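> One structure is given below, represented as structure tokens, and several questions about it will come after.
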Amino acid sequence: MATDMSQGELIHPKALPLIVGAQLIHADKLGEKAEDTTMPIRRAVNSTRETPPKSKLAEGEEEKPEPDGSSEESISTVEEQENETPPATSSEAEQPKGEPESGEKEENNNKSAEEPKKDEKDQSKEKEKKVKKTIPAWATLSASQLARAQRQTPMASSPRPKMDAILTEAIKACFQKTGASVVAIRKYIIHKYPSLGLERRGYLLKQALKRELNRGVIRQVKGKGASGSFVVVQKSKPPQKSKNRKKGSALDPEPQVKLEDVLPLAFTRLCEPKEASYSLIRKYVSQYYPKLRVDIRPQLLKNALQRAVERGQLEQITGKGASGTFQLKKSGEKPLLGGSLMEYAILSAIAAMNEPKTCSTTALKKYVLENHPGANSNYQMHLLKKTLQKCEKNGWLEQISGKGFSGTFQLSFPYYPSPGVLFPKKESGGSDDEDEDDDDDESSEDSEDEEPPPKRSLQKKTPAKSQGKTASMKQRGSKPARKVPAAQRGKVRPLPKKAPPKAKTPARKARPSPSVIKKPSGSSSRKPIASARKEAKLPGKGKSAMKKSFKTKK
């Protein structure tokens, strides 16, 4: 037992229950058939792994029923050695089981580490695919800014036309008297569109030829199938008329404006607060209002800005004097600044040059429904949502806050509209005022031009007045002759009696007299009234001539 204890101390602690079981078995063998009483104890103490050595020991007992003391010790040592081996085997069995588990864990860890990497790569690829930014047509960029933007934003390559359009283009280019041959068409497409790879993919040309033949766009002059010569069919007149009718019917209603073109102007008008620096205001005013001559006389602009700040129409956020940043003040929706041309120029400059231009979706919805209602408001809102998504994909807009069709958006490129685009009503009103001023000026000029002609008419009328006076005097002279009272008829009668016989000869002599001819020369002798007056004058002048002749004779 001492040897057993000494050996037990050196044995692994897992082997202790096995040793205790072996000792109990040895005690049972020495007793007289005590197996019935000890069996439940053995079963309770021994584990399932100890069952195989029990069977071996039972066989050994049958072979050697009467062992000696030395043999007992040897048996105990052998049993101990045999019992020592199973835990080693069990530990060895446990190790290989644990190894694959650890390997599986490492593989799982590696897989889990690889999965996020793949997800990140997929996300980056998706972003690269989505973000194909282009520069919009409404962006106002200088040459240097445009070059910089083209470097930063990978421009999407212009897509080539479809195969059907390429085929018709090739047939027209290679057309001859007998049409365009398939060989010439193939060479043309390979030379002009190498990206198609028609050398390897000849079926593309065959399919396109078949499609166009079925549609009636082209006609086969020679050959059959995908060989021979082809000609583009000219469009007949009836379909053109139908197209024109369709176009006319389409033009009857007002053409709808695309919301893509409306958005930048909407952002410019709805962005609040509106502010701009002095340099940007000066640049805008000098560009769109050259009459003010701000480049030559910058003091006018500075004085106008300072005056607007003093009146409370503008608020100076940064800087002092005429330098810094200025912000528009409003009463409700109308700005306080306005009136003179300089103030209107400053107002339009601050509204246009305000950066960055941001706007909320609620304000956008209200603006679109008021200015571009369309046939159906719900459909218009759907279009607005789609346009916002499209502009965001193209890189024209950025969503600052919110998700989807809510939040705030911002223009990615600068947009500086002209005053006519920004305030069309005011511009038209200003142009009307200018037209009125021009009309007034023209009318005043015309009146000034018309003033001298009245003077000329007066100058021309003066002789007419003199003629009228002479005529009236003559008429007065003639009238009393006609209306002479009966008492004076006896005195006046002898003069006309003597005058007619003597007036014939002096009348002939008096006609060539220059005094008589020169006087009527200034007046208009064409009028019959003047001729009648001259006839009335002649007898009176004849009398005076007769008197002079009588005096000379005497």
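Note that Cβ sites are derived from N, Cα and C of the backbone, with glycine treated the same way.
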> Based on the annotations in Swiss-Prot, which residue of Lys177, Lys192, Lys365, Lys534 is described as N6-acetyllysine?
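Swiss-Prot annotates N6-acetyllysine at Lys192; the rest carry no such entry.
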> Given 195-199, 255-259, 535-539, which one carries Swiss-Prot's motif 'PxVxL motif' label?
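Checking Swiss-Prot against the ranges 195-199, 255-259, 535-539, the motif 'PxVxL motif' one is 255-259.
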> Around Lys192 (N6-acetyllysine), how many other C-beta atoms are within 10 angstroms of its C-beta?
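There are 13 of them.
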> Taking only same-chain residues 6+ apart in sequence, whose CB is under 8 Å from that of Ser144 (phosphoserine), what do you get?
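Long-range Cβ contacts: none.
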> Could you give the number of helix, strand and coil residues in the domain 'H15 1' (159-234) as assigned by DSSP?
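Across the domain 'H15 1' (159-234), DSSP assigns the residues as follows: 38 helix, 11 strand, 27 coil.
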